[in-house]
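Listed in Swiss-Prot for this protein:
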type	residues	note
BINDING	Y35, C55, C58, H59	heme binding site
SIGNAL	1-34	signal peptide
TRANSMEM	284-304	transmembrane segment
Amino acid sequence: MKGLKNQIMKKTSLFICTLLFILSIVFYPKITFAYPFWAQQNYESPREATGKIVCANCHLAQMPTIAEVPQSVGADSVFKAVVKIPYKNDLKEIGADGSEVPLQVGAVVMLPDGFKLAPQERWTEEIKEETEGVYFTNYSEEKENIIIVGPLPGDTNKEIVFPVLSPDPSTNKEYHYGKYSLHIGGNRGRGQVYPTGDKSNNVVFTSSTSGTIDSIDIIEDGSYKVNIENDNGEITTEEVPVGPQLIVKAQDKINAGDPLTNDPNVGGFGQLDAEVVLQSPYRVIGLIAFFIGVGLTQILLVLKKKQVEKVQAAEGI
């Protein structure tokens, strides 16, 4: 009965996530492309064969991500994997409509096979408090070991706690005690490139040709059309969306690849690997027994030494 209930809850959560994704695509198509769940629709795995997490394909700027994972954990135990996504307080970025908006953050944690998001009934009160307002999603039904979060308001979520449940090799022979690797990614801010390959408005716009800027047209929505005349008298028009600020003016001479705008991006993506040891209880017991044995041996050696010293003293040596 409990298994059936968990299955129903899992399918309900997946349905809600899918529904939210579809609605966001319909009503906010350009905004949603910056969010972690877009990777779910385009990549079977969020990590490429090269080791790169696919979020870096859209979030081109690099910024640090920090992870805190315990060195070792017991079987069938709940532990915290903490992802820290640092950036300056009160930092604003350019939204899809060109206005300044607070940064949002997201994270992905790729756990080893067998590890997964801990069920809520096993969360401690501390974990419940630390994860309040955070919604965790499995990358897919088949990949319970890959968990994504976001977008979340960055000012209150620079540190995201992932409650993780370790496997129990004593009940499932597919898993073994030993050292395992985790792959972790953290992002702050919008991407620079959409999955379609088009630029967002959160990137530097450059000239595709050399020449002289003939004129700059300002469009009603605040975007620009920069008309560039080359040496042959041909006009090339570069479209700049609302958001980035122009750093050129009419009659400026430019070369292909020169920037037309500033760089509005203040965010970035970072990834790292971490390790955790799934500790066997028998190994712990053996280690304790070893230390006890070493301690007893040292005590016996000290006692033996004192005994020898007494004998030598009695014999006048």
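Backbone N, Cα and C define each Cβ position, glycine as well.
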Task: Fewest-neighbour residue among binding-site residues, criterion Cβ within 10 Å, set C55, C58 - done: C58
TODO: Count the other Cβ atoms sitting within 10 Å of the Cβ of H59 (heme binding site), across every protein chain shown.
DONE: 26
